[in-house]
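Colleague: Taken from TrEMBL, the feature NADP(+) binding site covers Gly165, Arg166, Ser167, Val231. For 2-29, the entry in TrEMBL reads coiled coil. Among the features that TrEMBL reports, domain 'Tetrahydrofolate dehydrogenase/cyclohydrolase catalytic' is placed at 6-120. Annotation source TrEMBL lists domain 'Tetrahydrofolate dehydrogenase/cyclohydrolase NAD(P)-binding' at 139-280.
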Amino acid sequence: MAAELIKGMEIAQKKRNEIKERVNVLKSQGVTPGLAVILVGNNPASRSYVTGKGKASEEAGIYFELIEMPETITQEQLLQEIDRINEDARIHGLLVQLPLPKHIHEEAVIERISPEKDVDGFHPINIGRMMIGQDTFLPCTPHGIIELVKEKNIEISGKHVVVIGRSNIVGKPVGQLFLNEHATVTYCHSRTPNVKELAKQADILVVAIGKAKFVTADYVKEGAVVIDVGVNRLETGKLCGDVDFDEVEQVAGYITPVPKGVGPMTITMLLHNTVLSAERTVASN
Ligand SMILES: Nc1nc(=O)c2c([nH]1)NC[C@@H]1CN(c3ccc(C(=O)N[C@@H](CCC(=O)O)C(=O)O)cc3)C=[N+]21
């Protein structure tokens, strides 16, 4: 029996309509939510993601500002630009598209963003708040994954979640969010000797390692929920996940496709955080 498809694009669209309603309420109160994205250099993948964020923002009625800076800028110039946007009252959310050129220290850049405008949820203050379960900006991809699972009415509490990958932007925080929802969480990574055995025990398997078709049918328990966070561009130009979809959909209970799975939810949660930030400024007035 083939798995049920988790249609991320459809769920994202539904949530974006709800976000648009919130934008309209804010506008009627005289506030237009604003999102600024800083793009350094000319990486085509980064440019395409940023274009996607801009389009989605404008469709939701969010003011979008793209700040492009050349590959050769100094870290100090970038930090100054962040300072400027931190002070700009029209902008409620600011993110610096990653990865950055090698001569720029990513941590220093992230820490310069005001935690009140950190709609990526990457600032150590917001990560700390997430860890202790406080209300904060949640990182977009992990939050989008939780929303997908909840949207399908899949029980999380008491379930075994296995995360393959431990990046700061996906693997680590998604495990934490599942823990906050009362799951038992196992992390697998490059030093884990028995990834396949552990993965096979998962009720919910999250794959975020950046290796095309790494997870095959023999990694998956019958009926498991499989969330594919991979975005691998094949030589043919086709986008491919970290999961071998054709094989795994034969054993899984639910599966997310790539594209149109987790990706659109990432952008949706970014819009959500931007609107949340604007709502907070209204509430605190
Ligand atoms: N500061 C920062 N914040 C990020 O959120 C961030 C980042 N840096 N660097 C890169 C990653 C990657 N990322 C994606 C967003 C949307 C899709 C997405 O919408 N994908 C579409 C397909 C898009 C296509 O065809 O190229 C889909 O899966 O259907 C994918 C990947 C955000 N990132």
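A Cβ is built for glycine as well, from the same backbone N, Cα and C atoms used for every other residue.
All TrEMBL annotations are machine predictions without curation.
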Colleague: Under 6 Å from ligand 1 by C-beta, which of these binding-site residues make it: Gly165, Arg166, Ser167, Val231? Sequence order, please.
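Modeller: Those binding-site residues that pass the cut-off, since their Cβ is under 6 Å from ligand 1, are Val231.
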Colleague: With DSSP as the yardstick, break the domain 'Tetrahydrofolate dehydrogenase/cyclohydrolase catalytic' (6-120) down into helix, strand and coil residue counts.
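Modeller: Per-class counts: 57 helix, 18 strand, 40 coil.
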Colleague: With DSSP, how much of the domain 'Tetrahydrofolate dehydrogenase/cyclohydrolase NAD(P)-binding' (139-280) is helix, how much strand and how much coil, in residues?
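Modeller: Helix (H, G, I), strand (E, B), coil: 53 helix, 26 strand, 63 coil.
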Colleague: Listed NADP(+)-binding residues Gly165, Arg166, Ser167, Val231 - what's their greatest C-alpha to C-alpha distance in Å?
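Modeller: Binding-site diameter by Cα atoms for NADP(+): 16 Å.
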Colleague: Report the same-chain neighbours of Val231 (NADP(+) binding site): residues 6+ apart in sequence with Cβ closer than 8 Å to its Cβ, ordered by sequence.
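Modeller: Long-range Cβ contacts: Gly210, Leu239, Gly241, Val258, Pro259, Gly263.
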Colleague: What are the sequence-distant neighbours of Gly165 (NADP(+) binding site), meaning same chain, six or more residues apart, C-beta distance under 8 angstroms?
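Modeller: For Gly165 (NADP(+) binding site), the qualifying residues are Gly171, Cys188, His189, Val206, Val207, Ala208, Ile209, Gly210, Val229.
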